[in-house]
Amino acid sequence: MRQALLVSKVLGVTNMNSSNQPQSPEGTENLISLTIDNQSYSVEKGQNLLQACLSLGLDLPYFCWHPAMGSVGSCRQCAVTQYQNSEDTRGRLVMSCMTPLTEGMIISLKDDKSQQFRETNIEAIMTNHPHDCPVCEEGGNCHLQDMTLMSKHINRRYSGKKRTHLNQFLGPLLNHEMNRCIGCYRCVRFYRDYCGDKDLNVFGSKSHLYFGRAESGVLQSHFSGNLAQVCPTGVFTDKPFSHHYSRKWDLQTAPAICPHCSLGCNINLGQRSGSIRRITNRHHDEVNGHFLCNTGLFGYEHVNHNERLEWPLKRNNEHKTTDKLTPEQAQTLLAEYCETPNENCIAVGSVRTHIENNAALLKLFGEQQFYLGIDDSHAQLLNMLCSAYHDTSLSPISLAEVERCDAALIINEDITHTAPRLALSLRQMSRNAGLKQAAKLGIKYWQDDAVRNIAQTTLSPVHIVQSHGSELSDIATQSIILNSAAQTVLLQEIASLLTTHLNSQAEQPASSEAKAIVNDLMAAEYPLVITGVQNRDLKQVSLSIEIANTLKQLKQDTGFYAVTQDGNDLHLGMMTANSHPKNASQGLDSLLKRLNSGTVETLIILETDLYRYLDKSQLDDALNQVKQIVVIDQLLTKTAAMADLILPATSFAESYGCYLSSEGRLQLSFATMVPIEERLTPWQWLSTQIGIPSYCELVLWISEQLPQLKAIETFAELARFNELSPFRVARQAVRSSSRTAIDAVEHVKEEQPPIDLNGPFTHSMEGVAGFRQALVQPISVLPADQWSPKWNSDQAGSRAGVNHTRDQSSSTTSPWTQGVQIFSPNPQAKRELGYQQTHSSMPLESEQIRLTPSANLYADFELASYSKALTSLAPHKLARIHPETASKWQLEENQQIRLYSDRSQVALECLFDSNQAKSTISVPTNYFRQLGTWARLTPLPAQKRSETSTQESTQPLSNEEER
Amino acid sequence: MLSQIRTLITILKHTFTRADTVEYPEQKPYLSPRYRGRILLTRDPDGEERCVACNLCSVACPVDCISVVKTEKEDGRWEAQSFTINFSRCIMCGFCEEACPTHAIQLTPDVEMAEYDRQNLVYEKEHLLISGPGKYHDYNFYKISGKSVNGKMKGEAHNELPPINVRSLLP
């Protein structure tokens, strides 16, 4: 053991922390010792040999294995020599990915036999590989390049002809170049086995293998973008990235947090010359693991968008012009506007900005004047969730923990669209029953083929209660489609059944569905309840909390996850919870009332497009009553167009700030690039007004003022990084090129690189390179740049399930990389939900119909909707209605209908869908937000149909066949 | 004493040898065709730009004086949208030529590039591009690579079989 540590220390593999810490008894039990090339090592049990070698930092090439997908042994690249015992000199070749670890095993990586085998193998793999590297997007970021070099295959001997393939059009996200395929099967294993989608497949045999769709067309999976990283070579490449291409070594990167949905996935943002070029997954054990959804991967265009605001602008009513201001002038004007008596100034906070910015606004105006940029019912739900996490023993679990559960109940949330990565985790969770079966037979979890063979169709129970069909229904034990009233009845049954279990009373009569759900939840070791705010249904969310809470008392390991709706909305539930009576919300509906009272003089709107939430005419009227409107935003939204003063704000790529995910994980997002001079972070615009000049002080103010966000104080040290550590970390790779030419056309003299005083990163290649960072102990943040010698490709960054051996030291402990979980499970707070059961307003008039939102991950997230590639994938806006309900309303298929409530109105084409709950109608989320939960319905005259149908028939995508 | 005399003799001897100094502007020295001077971008035998904007010259450059931005033609052909060489930084090391996988970037024996204004030493694509193939007459990258472009479909490149018919039942 001691020797092993010494060895690994010399090799620079294991971090210093682990050698200082005494091994826990549990830890040594889990270890197994083995000898590799006459060095002894100890590694964790249960892995395969390849994984063990990689986690030790040894160089062993592989293609088909993937830490998240296990081994199938198809590429034969990871061969090593295994010896019987210490006398054995001949040994035998084994595929390390298919070899379980055994105590005292002796293997060799460097012996001639296995080296020769690996070299010959890759030579065979490369016989058909085209001479494409210079014109391949994967070049310089290619697993095949890395592995070829590592296997020392440098000279092509095969003189035969290369097989070729025709390509397919696969949609706006991916390029297809089948010639480059090496037949490792990773793409189909990811697409079909991991994501459960069906439209990518493998055809043919031998060297005729073809990985693609049955015919050209858009890939249906929400995770198709990951294929660019899953493919070890350039068969699938990132299409939007190719349109503004830059080699990997030229990208300036920093660790950031995805701003779209509420899961808080970790990403790496890459920029060059002031524009974001691509987003890649940043491995986080507990959150996103190895994969992101398409929205996360491609939703960055808003940063480069031509509607970005570049100047402070002032409406000049006298001359009917818009004047550009300098930042100083703008700040003076802002101070002038804020001089009016406090009660006449109102602020609107945002769900897509950092916590710090909302807090600055809160400080400026006080809680009474601070409105949340979400509708009232959303705000109430967030309040309810926050108080549930605070008062009860419930706390949301991480996605990794979701994957460990063995029964799930999803209540009224379409997670495939509102939290896609969670749906992917749930899919992995459903495999647990099969894995358990395999484990009984002694098959390890990573033996992918064997496990799937044993499991067949065995799935862990997943029950879905929803108002329309779910894309998860293929793994669901029960997919129950009910309208909200019937759902409430079902949930009450479940809740009371669980209560009888808790009090060990005699069983009550209940519906068979409810019984099946309760039985499965009770039989499970780690049951899971998932709910969300999507439907704005207070009753159901409170029932879900009650169910989870009761279950928690029955089973200690019950998991709970409540999906919220936007990137950073959960913390808004804490901002106003203190001073207001419970459930008196401060949402946009209340704002509208306040504006209509006519007393408001100054309205400051922070990064919220009010027109997304409220009806245009109502809002126009309300805004016209306000004397001065100030908008702080990144983009010229409709709301910004109404403003008297616009202050341009930085995007998530240009500023430091915290996100709170719906899991309650507080994570810091680092700035990737420098903002232009006129753009400031929103809190910086306000900093003179609130008297807080620095980030550090603002963070400390938040931790004092908002007790639930106390943990944010951890991040106050951000600016002190420079004092604490003598080292700075480079955002650019050591290979970064064209420094003296890139701006030479404008100005041949090179400028000094911009200095970042806020954080530990430099905007240049000066500083510690990412791949050497583990050697520099005082720095515990993630490496910023993504380039490293040898194991350079993106996927190699996550080999062995750890984000490079280089940051093992930091990955376990540092809040900078892991975030801080603010809802710690509170075992003392045993029971009694701390809030009143609320009644959802349920009008009984027969002409009203319950609306349900039909979410879509490409259409719903405001910032992502600036990405052209994503919006082209968004579906047509339709209302879905059950045929029976439709006949009740005397509707025909494809008829135009008008939905109106006292909040807004909308005309939509209606589509019959028997997977829609009866007496409900589903409308796109954006309309649902504006209309509210109930609306009146009138069919429109039929002649209107032809106009709109011709309008809508213009397909956004051309299905051209590519060569 | 003796060494001083020897020095004098050595120096005097030089009076009778031919001068090595050349009267430069009037009399030009011979520079071999492989001499590393002004850099240019060449075209392939078909007259298309050879540069595919792969950025390898840029990353090989020890003084980082080359900047290339990639764009793609409609047929999938990669091309440089802009190609900038800052000759005020260039050290004529020729690494870019060595790195170039398409023989696009070539160094020539022209060294007379002096300018009064440093800004004039920034050469862009239109200043670098010539109309011929330079030192390598026959090489055409796209005839060898697997990517299809106008005039060369899949399977028509050097050493390639025709595309596989995926729907065929034959093995």
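Cβ atoms here come from the backbone N, Cα and C positions, even for glycine.
Bear in mind that TrEMBL entries carry predicted annotations, made automatically and left uncurated.
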Which one, B:C54, B:C61, is listed by TrEMBL in the same [4Fe-4S] cluster 2 site as B:C90, B:C93, B:C96?
-> B:C61
Those binding-site residues, out of B:C90, B:C93, B:C96, that come within 10 angstroms of B:C57 ([4Fe-4S] cluster 1 binding site) at the Cα = B:C96
Reported as an integer number of Å, what is the Cα distance between B:C54 ([4Fe-4S] cluster 1 binding site) and B:C96 ([4Fe-4S] cluster 2 binding site)?
-> 12
Please work out which residue of B:C54, B:C57, B:C61, B:C96 has the most C-beta neighbours within 10 angstroms of its C-beta, and give that one of the binding-site residues.
-> B:C57
Apart from the site residues B:C61, B:C90, B:C93, B:C96, the 8 Å Cβ neighbourhood of the [4Fe-4S] cluster 2 centroid comprises B:I39, B:C57, B:A60, B:P62, B:V63, B:C65, B:I66, B:I85, B:I91, B:M92, B:G94, B:F95
At the level of the C-alpha atoms, what whole-angstrom distance separates B:C61 ([4Fe-4S] cluster 2 binding site) and B:C100 ([4Fe-4S] cluster 1 binding site)?
-> 11
Densest Cβ neighbourhood among B:C90, B:C93 (binding-site residues), 10 Å radius | B:C90
Nonlocal residues around B:C100 ([4Fe-4S] cluster 1 binding site), in sequence order (Cβ under 8 Å, 6 or more apart) | B:L56, B:C57, B:Q106
Which ones, out of the binding-site residues B:C57, B:C61, B:C90, B:C96, B:C100, lie near enough to chain A that their C-beta is under 8 angstroms from one of its C-beta atoms?
-> B:C61
Which chain-mates of B:C51 ([4Fe-4S] cluster 1 binding site) that are at least 6 residues away have a CB under 8 A from its CB, listed by sequence?
-> B:L41, B:V68, B:E79, B:A80, B:F83, B:T102, B:A104, B:I105
